[in-house]
Every structure is written in structure tokens, then in C-alpha cells.
Amino acid sequence: MDAVEKANTARQQQWIKDRKVGEGTYAVVYQGREASTKRKIAVKKIKVGQFKDGLDMSAIREVKYLRELKHQNVIELLDVFSSKTNLNLVLEFLDSDLEMIIKDRSLVFLPADIKSWMAMTFRGLEFCHRNWILHRDLKPNNLLIASDGQLKLADFGLARDFADPGYKMTCQVITRWYRPPELLFGCRYYGTAVDIWSVGCIFAELMLRIPYLPGESDMDQLKTIFRALGTPTEDDWPGHTKLPDYVPVGQFPKPPMRDLFTAATADTLNLLSKCLIYEPRKRISALEALSHPYFFALPYPTHPSKLPKCSTVVNKPLDEVDANVDMNSSGPGVKATSKGLKRKLTSPTEAKARSIARRLDFSKAPPSSP
Amino acid sequence: MSTGLVASSENTESKDPQQRQPLYEASTQFRNWRFSSEGLAQIREKLNEAAVAAIRNTFEVDQPGSSANVAFLHANEEVTLVKLYLTKIPQLCAMFRFPEEVEATAISYLKRFYLKNTVMDWHPKNVMLTALFLATKTTNNPISLETYTAHIPKTAPSDVLDLEFLVAQSLNFEFTVWHAHRALWGIWLDLQSLPDVDQNLSPSIHDTALNHIRASRLTDAELIYTPSQIALAAFTLAAPDLALKWAQSKLLPNVTSSQLSLDTISPVLELIKSMILNEGHAPDVEAVREVDRRLRICKNPEKVVGSKAYLAKQAEEERKAEEKRHKKVLEMQKGQSDPFGDEIQGTSLVDYDDDDD
Ligand SMILES: Nc1ncnc2c1ncn2[C@@H]1O[C@H](COP(=O)(O)OP(=O)(O)O)[C@@H](O)[C@H]1O
């Protein structure tokens, strides 16, 4: 056997696949373990044989960028190996994603929780941008959550580097609801600001608990944006009417953000609106966002381990779980006997605080509801 | 060697003043693809020896005594053959009008591939074509495989598809390459903003330096030195005075150590310069032809489609796969107990979709 084949087999043997946990557009995902440490991992198996152009671009991008990026808030690629005509990516196992958490109506978000998720998102994104990498597909279900509460940017299948300035790029990226207006107008020269717009939409969604700008088509997306933020003038965004796919979609006044985000602080709205500035060059950068007053004002961000999380693994009644909670311990809080169970809430006092917060709902009315 | 110093000249001047670890030093290239000259020689020697032993054995199994008169290739002959195919990449790139990035990346891939494989197993022609095709994708300049092979004589899509996975695997799926031509661009931009430099620098200086970098791609330089070191050496060859000015401006903030650092860099620069000047050209065609002629006899028969050894190896692999399938069926029938208990919740331990084990 060749040295390369041997090395591959050795790698393959370090990882054990246990069961299928999901299916994506081009991959099957398994839960598994690292043979030596029993550490929980995910194996993303990508079929390669079926493509007439060989290894497909999404797989190549994902491997290329994750191989280089190591950061607490970016999903970790632990290994890559092949089996027959499959490419296997070994990833750290992540229990849930932000979309699941947003949709879980039994969870209550405190402003401090949202601040914590936003801080982790900006940290991960700042690291990507510092490495000259655009993510180009940020949305709640690509922000995965680890069991310790850490948020990780995932799915780099659309990512690319931008070290070459003035290099023409495709505008067909980013899921519609999170896509910035410059891409909807067909702009082919863009930068880090496209990711910031997506983060702005996610920020709003965390407060509203429903998608902020849910357009039904690309054209309707622009309308939805303008209805929420006002149609941009030439002053707001010089030159936008000259963009390749520019079309006038109607004049909408700019409603005060406060009308929708009733409970948000001034700092919160300030950061949100800086993420959603029309002129891409004026939009806040990830680095600037991290030093925005929002992150230094009270309440301080919730510690990741104390963030609300989905209770998907709970398969016994909750009181039974609570019986295992060790109130005096600052550790994981769940006794070893309750292995495999997860608590919904961190502590009884916090539960109370959360139910109060729930009544102070951020959202008055869903945007663009018929 | 002060890699940090020179590496920081990469075109990555960040707006972040408290920039942590230099990006280049966190890269897979820095961690996994840098060697000493001796280290490189050793790797190639070992690969060559192992291949010769294995192929000799295959010959002997086929027909005892048959390997006695075979003139196997030496490690340095392998390098020469690979070098010839390195020179083909710029020609193809010119034909396809691929950007510099594609060309430089493909060249790096081809060199890295032969630090894990030998030409006696895999002839560089198709590996070169595959490395180039893969590079178009990893640098985000994809073209369809059909278009690609249609423009290359006597090449079918399968020639590339068959090897793509092996090439990617040999690269350890580490596709990002840091290039000297980018570092050169960084130096060039830096120079335009130096106070004591004429702002009307002739672009021909940059072009001359770039040609030295292109020559360096035919050498081992990128496997030994950092992109910035190579760029500075190439620039020194093109415009020694300007190169010195640039180096001084980079080192100036710490005047006392600057002399020291310049002194430590220059021996390295000298080594790179002589490498570029002495080895940065195509190999002698006659010599390569001779190597290629011998390769036809000493190549690994197990890799020659249709040969007796190839068929034997295939049969053996098929037998092993069959054995595995059989074992799996038996396990399923036994209803083997499930070590993960209730976590599995109804899903069978054996995944029918999982066709790879
Ligand atoms: N690192 C991971 N840890 C745990 N589960 C994962 C991980 N990555 C993906 N999954 C699961 O596999 C499913 C499909 O993943 P993926 O192929 O990345 O999805 P998509 O194609 O929708 O982006 C996900 O919805 C998720 O349930």
C-alpha cells in the first residue's frame, strides 16, 4: 500500500461513526467518537464520485478555509480523510444551532443573552475577516452552538478570500433574507460589509424571534428591506442607482426602529442600525463592532455556559432532572448520574428572571405580516 | 531565521494594531510544508528507496530474477523529471489565461505531491494536469473538466478524475498556499510610500523581480524559505538598493537590532539568490528523456491498468471488500447488542446508507 493510502487508513481508524444525525444538501452527517479519547465528534461525509467535475466547489471551499481557521468561535475541523469516493470531514460535535434556539418557544432570551451571542458571532467573524475570508452565508442555522454554549460559525461552503482587491465576485451568495441590498442590486465588487449586513439581520431576529426581513423573492426582498429601513436616497448611498441590477422598487419612508424594537436600549439600536447602513463602506466592521459601547454597557453578556439552550436531549420529565441539580456546585450543575440529560434552565432564580423577561417581549408586532 | 520579521511584510497589513499571531505562522504551509534542504533530500531518498524495494518485489513475484537488470530511478532523477513537468504548468496557464495565483498554486501542489509519492508509482504528466485542475478550483477560478481536457492533447476527463482524490489526499487537503508573488506585491506597495524613494518607480523593476520569482518556482525555495524571504531575494536581484531601503524601513523601529537582523537575513538571501540563478531554469531535455525512457521499464506494474500485477492487486482488494460485507451481514443477523443503549433510539447500528465500510 502507498504511504498516502496508509496514512489515510490510519486517520480513518481514529474516528468512529455511530449514527446518522442529519442530511445536508451535499452531505450526510454522522455523530461519532474519537477512538482514543471518546470525545464526541461529527463526521460530514461528502460523496464525490457523483460530480462530473470532480471534487465540488463547496467541499473544496469548506476544507480549504477550515483547515486554516482555528478560533473558539469558528467550527473546528479536526481531520479529513477519504473512504472510497467519499470525502469525510471530522468536525467538533455541536448540539444545536441558533435557529433552533430562536424557534424554541419555551426559551426566554434576556438582553444579556443576545449580547453574548452577538459578541461571539462578531468575534468569529472578525477572525475570518482578519484572515481575508468572507463567509457569505451567515444565518441563524449556520451559527452552531456547542454544549458549553460557545457559538461557532459553520458552513464555509460559500466562503472565499478577498485579498485581491477589485476582483469580480458573484452576487449570487447569502440566503435571501440575510442578503444585503448591494448584492440584490447585482454588485460584483464587495467586501466584508456583506457579512455584517447578515449579522445585523440575525441581531434583529434574536430580538424579534422571527426573521426580520423575510422577502418572498429577490425583488420582494428589496421591498421588504426598504419598507423596514426606508428607501435609500442618493445621499444615504451614493451611486447605488448605477449598480448593474438596479431597479426602483418604490419609495418608502424610514420608520423609527424603536417602533419595532420597543424594549431595546439606545446602544442596542445604535449597533443594529450601524450593521444595516445602506452604503457598504459606512457599515460598521466586525472589529469596530467589538468595541461598540453596546458590549460594554450593562447588562454584561451572559456567560456562554449560562445561555438558554434547546432541550432536545431531555427524554425524562424535568423534575427528575432538577432532582439531580446540585445547587451548591459551580461546575456543570448536573450530577454524573444524570448523564445524557440536559437542563433547560440554569437555576431556579434564573428561571424566574427569564419568565419576567419574557413578558417584556422585544417584539410588538411581526414585521411585514400580512 | 527571523521569519516573523520578514513574514510580517506579507500583504496582510491589518488595521488591527494589536494583531496577534502573524497569520502566516498559523498557516498549514508554515506548520506542515517547510523543510531544511537536508530534510527534503532525506524524504526523497526514503520515498525512492521504499518504492524501489516494493516494485522490485512485485517484479520478483511475477517472475523471479526479473528485477536484476532494471535500472531504477534515483531520487535526484525523479526530481529532474518532476521539474520538467513544473515547466509545463506556466505554458498551460498561458494558454488558458489562468491568473498567476492558479499557476503558482499548481506548481506548489505538484512539488508537495512528490514529497509523498514517487514518479515510479505516479507519472508526473497526469499528476501535473490534475494538480493544475485542482488549483483552478481551490483558487476559485473553476472551469469545467470537459473544457479543460478538450484543450489538452491526448487527455480525457478520467485522466484527471482518477487522480484528483489522490492528489488532494497527498496535499493532506491543505489547499491554501502563501505565495512569494503576493509578498512581492506587498514590498512594491510599501516602497511607494517610503519617503526617500522616487515615487515614479519603473514597473519594470517589479516585472524583473516577478520573473525571478517565477524562476524560483522551479526550485525547492518555497519548501525551505518563507514567501517574504523569497520575494525579498527576488527583489534584491532586480533592484538591490531599493531592496535594502525597504528592509531597513521595515527594521528601523528597533535600530539596535536592525543591523543584527539584516545580518541574519542576508546569508539566507544569498542562498535563495543563488538557488534562483543556478537552479531556476528548465532541466536539460536530453537528460529528462533518458530518465523517462528508463521510467517506462521501472514503473510500478501495479499502477499500470490491465497489467498482471494490477489485476492481481484489484482481485485482492475485491476479496477484502467482499469479506467485510459478509461480516457486516453476519453482524446484522446476530442483532448485535448496541453499546450506546437508548441514545440510538430505534436507529439501527448498521447504517444501510453507509457504503464505505
Ligand atoms: N458539527 C456538527 N455537529 C452536529 N451535528 C451537525 C454538525 N454539522 C452538521 N450537523 C447536522 O447535520 C445536518 C446537515 O448538515 P450540513 O450538511 O452542514 O447542512 P446544510 O447542507 O443544510 O448546511 C445539520 O442540520 C445538523 O443537524
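We count from 1, first residue shown onward.
Every residue, even glycine, has its Cβ placed from backbone N, Cα and C.
These features come from TrEMBL:
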DOMAIN    A:15-295  domain 'Protein kinase'
BINDING   A:Val21, A:Gly22, A:Glu23, A:Gly24, A:Thr25, A:Tyr26, A:Ala27, A:Val28, A:Val29, A:Lys44, A:Lys45  ATP binding site
ACT_SITE  A:Asp137  active site, proton acceptor
REGION    A:324-350  region 'Disordered'
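Checking the recorded positions A:Val21, A:Val29, A:Lys45, A:Asp137 against ligand 1, the ones whose Cβ sits under 6 Å from it are A:Val21, A:Val29.
Residues belonging to the domain 'Protein kinase' (A:15-295) score a mean pLDDT of 94 in the model. Neighbour counts of Cβ atoms within 10 Å were compared across the binding-site residues A:Val21, A:Ala27, A:Val29; the minimum falls on A:Val21. Note: the Cα of A:Lys45 (ATP binding site) and the Cα of A:Asp137 (active site, proton acceptor) are spaced 21 Å from each other.
Sequence-distant contacts of A:Thr25 (ATP binding site), defined as residues of its own chain at least six apart whose C-beta falls under 8 angstroms from its C-beta, are absent. The residues near the ATP site, meaning same-chain residues not in A:Val21, A:Gly22, A:Glu23, A:Gly24, A:Thr25, A:Tyr26, A:Ala27, A:Val28, A:Val29, A:Lys44, A:Lys45 whose C-beta sits within 8 angstroms of the mean position of the site's C-beta atoms, are A:Ile46, in sequence order. Over all protein chains present, the Cβ of A:Glu23 (ATP binding site) has 10 other Cβ atoms lying within 10 Å.
Cβ environment of the residue listed as 'active site, proton acceptor': A:Asp155, A:Gly157, A:Leu158, A:Ala159, A:Val173, A:Ile174, A:Thr175 lie under 8 Å away, each six or more residues apart in the same chain. Every protein chain considered, the tally of other Cβ atoms within 10 Å of the Cβ of A:Lys45 (ATP binding site) stands at 20. Of the residues the record lists as binding ATP, namely A:Val21, A:Gly22, A:Glu23, A:Gly24, A:Thr25, A:Tyr26, A:Ala27, A:Val28, A:Val29, A:Lys44, A:Lys45, the two whose Cα atoms sit farthest apart are 14 Å from each other.
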